Amino acid sequence: MLLNKGLLASLLAYTTTAFDLQHIFYKEQYSCPISLPASCSNNTEIKDSCCFEFPGGIMLQTQFWDYIPPKGVSDPDELVRHLGPLDSFTNHGLWPDNCDGTYAQFCNRESNIDDVWHLLNDDQFNGRDDLPINGTDLLETMDMYWKSNTGDDESLWVHEYNKHGTCIRTLYPDCYKKWGVAGNSKKQAVYDYFRIAMKLFHDKDTYQTLKSAGIEPSVEKSYTKLEISNALKEGHSGEVVHFLCDRHGSLNQIWYFHSLKGSLLGEKFVPISALPKGSNCPDDNIKWYPKGHVPSSYRPPNGNHPGTRGVVRIGNGKGFLIKNGHWYLKGTPANFFLIEAPFGNYYLKTRMGYCGIDNSNKVLACNKNVAQAAQFEYDAKKGYIGYNGAYDWYATKYPRGNQQAPVYAGSNDDGYNFQLKFVKA
């Protein structure tokens, strides 16, 4: 799929001039004070949640470099259709992380969506002079630059909004009411999330940043971690950029960290250095394979694989988890399945059902009535299970005798704190 010249010109204008306004509404009834500090830098409480992003005050613009094509695909046009332009990274998403590096996910079920195509084709986002970009034009650039490694791009868009977009408080319906926005505020938030995510993605042209430093996709060449890090800093105001490699030692993810001044709608992103997360790339001999290359070590995924079976033990104490997700000391631990989620992270499942985290009290539960299967982190080296960027778990009581103890995400000074360790069967 190729963008026509007229649309490309409008997108270039969109990426450079359309977002200078404090808000996108000409007849705004509400605005944010220009004296507000950047997110995660305040010393006193900012009460107006429509003008200050908290607790998710660190905005990550994340990018993919997917290069392995579907089986049998080698034609350049088909490669672009599946993997995006051959000379560009693709968008992964816009994530509101907390100031300490943890994050929330799937924050508001009432705001969840199951469709993007029809929403962006809605009359609310097309044929108006006051729109930064028409919904149909936004959809076309997303089709080109926001690609899924599963081949189902819209499912990735829906996932990114439901997991991350619903956690951005300055896009909540009450804020749109303050600004006197006509139309459906839920739809408006979705439109704004995707247009701002695409705008920031276009501002961070990783491919050209690396190319300017002499780093280009190649089957033969390799690079050092320092070379890549120094190059990426040049494209991020001298701040450290987080990057990751795949199992073949090839560069495949870039994370740009920002703080934010005011509402997300003001788009006043301030580049900051990446929070310490640790890159999995080696110090030397990092590959950056061109799109279309299939490494000799590649093995196609088995679509019928149910996940990795194992048990979940208390990492620094006695006991294990049973089938409902509770901590127990006696008998036999339950079988858990660690299942790769389609767009990153993992699901946990027992014979009772998928495991989830209750947003109100952070309790872990595994059963068929779980409304939203949680996405967990997994540290393959240590075996630890994490949630929302942290690997801390606790219980408020010790499960003596035949007692079961509910397990909660996080830590508690008055509770029993531990890690959860997945042990493969």
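Backbone N, Cα and C atoms are what each Cβ position is placed from, and that goes for glycine too.
Worth saying up front: this structure is predicted, and the values here are computed from it rather than measured.
Lifted from Swiss-Prot, the feature list:
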SIGNAL    1-18  signal peptide
DISULFID  Cys32-Cys51  disulfide bond
DISULFID  Cys40-Cys99  disulfide bond
CARBOHYD  Asn42  N-linked glycosylation site
DISULFID  Cys50-Cys175  disulfide bond
ACT_SITE  His92  active site
DISULFID  Cys107-Cys167  disulfide bond
CARBOHYD  Asn134  N-linked glycosylation site
ACT_SITE  Glu160  active site
ACT_SITE  His164  active site
DISULFID  Cys245-Cys281  disulfide bond
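Location within the structure of each feature annotated in Swiss-Prot.
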residue: Asn42; record: N-linked glycosylation site; Cβ contacts under 8 Å, 6 or more apart: Phe52
residue: Cys51; record: disulfide bond; Cβ contacts under 8 Å, 6 or more apart: Cys32, Pro33, Leu36, Thr170, Gly262, Ser263
residue: Cys99; record: disulfide bond; Cβ contacts under 8 Å, 6 or more apart: Ser39, Cys40, Pro55, Gly57, Ile58
residue: Asn134; record: N-linked glycosylation site; Cβ contacts under 8 Å, 6 or more apart: Phe125, Asn126, Gly127
residue: Glu160; record: active site; Cβ contacts under 8 Å, 6 or more apart: His92, Gly93, Leu94, Ala197, Phe343
residue: His164; record: active site; Cβ contacts under 8 Å, 6 or more apart: Gly93, Leu94, Trp95, Pro96, Gln105
residue: Cys167; record: disulfide bond; Cβ contacts under 8 Å, 6 or more apart: Gly56, Pro96, Tyr103, Ala104, Gln105, Phe106, Cys107, Asn108
residue: Cys175; record: disulfide bond; Cβ contacts under 8 Å, 6 or more apart: Ser49, Cys50, Arg169, Ser263
residue: Cys245; record: disulfide bond; Cβ contacts under 8 Å, 6 or more apart: Leu251, Asn252, Ser279, Asn280, Cys281, Pro282, Ile286, Lys287
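Annotation: Cys281 carries the greatest number of neighbouring Cβ atoms among the disulfide-bonded residues Cys32, Cys40, Cys50, Cys107, Cys281 [cut-off 10 Å, Cβ to Cβ].
According to its DSSP assignment, His92 (active site) is in a strand. In this structure, Cys167 (disulfide bond) is part of a helix by DSSP.
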